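First comes the structure, then the notes that go with it.
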Amino acid sequence: MIGQNTKLNENDVSTADNLTIRRPDDWHVHLRDGDMLQAVAQYTARQFARAIVMPNLSPPVITAAAGAAYRDRIMAALPEGCDFEPLMTSYLTDTTDADDLAQGFADGIFTAAKLYPANATTNSAHGVTDVANLHAVLERMQKIGMPLLVHGEVTDSEIDIFDREAVFIERILSGLARDLPELKIVFEHITTSDAVDFVMASGPHVAATITPQHLHINRNAIFAGGIRPHAYCLPVAKREQHRLALRRAATSGSPKFFLGTDTAPHEVAAKETACGCAGIFNAPYALESYATVFEEEDALDRLEGFASEHGPDFYGLPRNEGTVTLERQPVDVPENIAAGGTGIVPFHAGEQLGWRFAG
Ligand SMILES: NC(=O)N[C@@H](CC(=O)O)C(=O)O
Ligand SMILES: [Zn+2]
Ligand SMILES: [Zn+2]
């Protein structure tokens, strides 16, 4: 719904002063644990009603008991009575037990299960070495309607880092989708036109999340005038042609694409170092960042579908009640957000965005 505007036609999406949409969800977040969880959970809970919480803690969240305990720690990190629901995920390993996983899903502890190819990204050392090891687990997930979430990159060091997503589609994902046609698969944080094409060509059980950073930056941002650790995440940003394909997909109105920020906080000290961690912390200005892209693409009227409808529809969960409003007002993104000793540099640090989250 586009807000009333006294000066302009109220149907003119691109010039309205505010934008009110159904309360959105974030279908891919890293909330971490301990002090970092305490520092960052509020940012996701402020903008989103629900979030799919990644299980790549150290050690990873594998059992239903660990998932339930982590959910309790997340709620304890938020103010009393906070209206936010963390949706927990189980980290798949070579030895995941199908019965345990199905039980965790039936008990409402796990909403989905996450496939990290071993060593693909942060805290994925316990990930899956060969999807063949997961066959029985994936068949069970298909049967019970439990979504599979995928970090879609091969880990073969012989494969160029910019090709790892496309090669993952060829070598692994296309076979999975073919062999398990009813399995709900979310291809997480897609970064290439190859991924967009694959999702579009697949049946209704294959969807994808798209992050703000992959809509805003291409790989040049990582090397702009020097090496830029705060623009580095995995999968790494690709060429401009891929960014443009992602923008078309996100703003297309297709129910196969939905919001997943992949907010991935790392302290400054862990980013600005000889071997900096992968991950961009975008939770504090997530909706403002997406709204900027949708406005640039003349598609503000499609933000609600992407942010608040396609995700729950795919997962088979109810859409949220209530609304949030974005106002057309300049917002200065700070250089650093307090957390731990050195803080975190947020996405868009030092920039001005044109939308303000009004609650
Ligand atoms: N996206 C990232 O660059 N990093 C994530 C892991 C992930 O989502 O792959 C993290 O946990 O830091
Ligand atoms: Zn990932
Ligand atoms: Zn992630």
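Please read every residue number as a count from 1 along the shown chain.
Cβ coordinates come from backbone N, Cα and C, glycine included.
Curation plays no part in TrEMBL annotations; they are all automatic predictions.
DSSP gives Asp262 (active site) a coil state; it is part of no helix or strand. Shown in sequence order, His28, Val29, His30, Glu188, His189, Thr209, Thr211, Gln213, Cys233, Gly279, Ile280, Asn282 are the residues of the chain, 6+ apart in sequence, with a C-beta less than 8 angstroms from the C-beta of Asp262 (active site). Here TrEMBL flags Asp262 as active site.
Residues or ranges marked as Zn(2+) 1 binding site in TrEMBL: His28, His30, Lys114, Asp262. Of all the Cβ atoms in the protein chains shown, 27 others lie within 10 Å of the Cβ of Lys114 (Zn(2+) 1 binding site).
Every protein chain considered, the tally of other Cβ atoms within 10 Å of the Cβ of His189 (Zn(2+) 2 binding site) stands at 26. In three-state terms derived from DSSP, His189 (Zn(2+) 2 binding site) belongs to neither a helical nor a strand segment and is classed as coil. The Zn(2+) 2 binding site annotation in TrEMBL covers Lys114, His151, His189.
The annotation domain 'Amidohydrolase-related' is assigned in TrEMBL to 26-325.
As annotated by TrEMBL, N6-carboxylysine applies to Lys114.
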Chain-mates of His28, His30, Lys114, Asp262 with C-beta within 8 Å of site centroid, Zn(2+) 1 | Val29, Ile52, Val53, Met54, Asn56, Leu149, His151, Glu188, His189, Gly260, Ala264
Ligand 1 is in the model; which of the recorded positions His28, His30, Lys114, His151, Asp262 have a C-beta less than 6 angstroms from one of its atoms?
-> His30, His151, Asp262
With every protein chain in view, how many other Cβ atoms are within 10 Å of the Cβ of His30 (Zn(2+) 1 binding site)?
-> 25
In the same chain, which residues outside the set Lys114, His151, His189 have their CB within 8 A of the centroid of the CB atoms that define the Zn(2+) 2 site?
-> His28, Met54, Leu115, Tyr116, Thr121, Leu149, Val150, Gly152, Glu188, Asp262
Other than its own, how many Cβ atoms are within 10 Å of the Cβ belonging to His151 (Zn(2+) 2 binding site)?
-> 25
Please report how many Å separate the Cα atom of His151 (Zn(2+) 2 binding site) from that of Lys114 (Zn(2+) 1 binding site), as a whole number.
-> 8
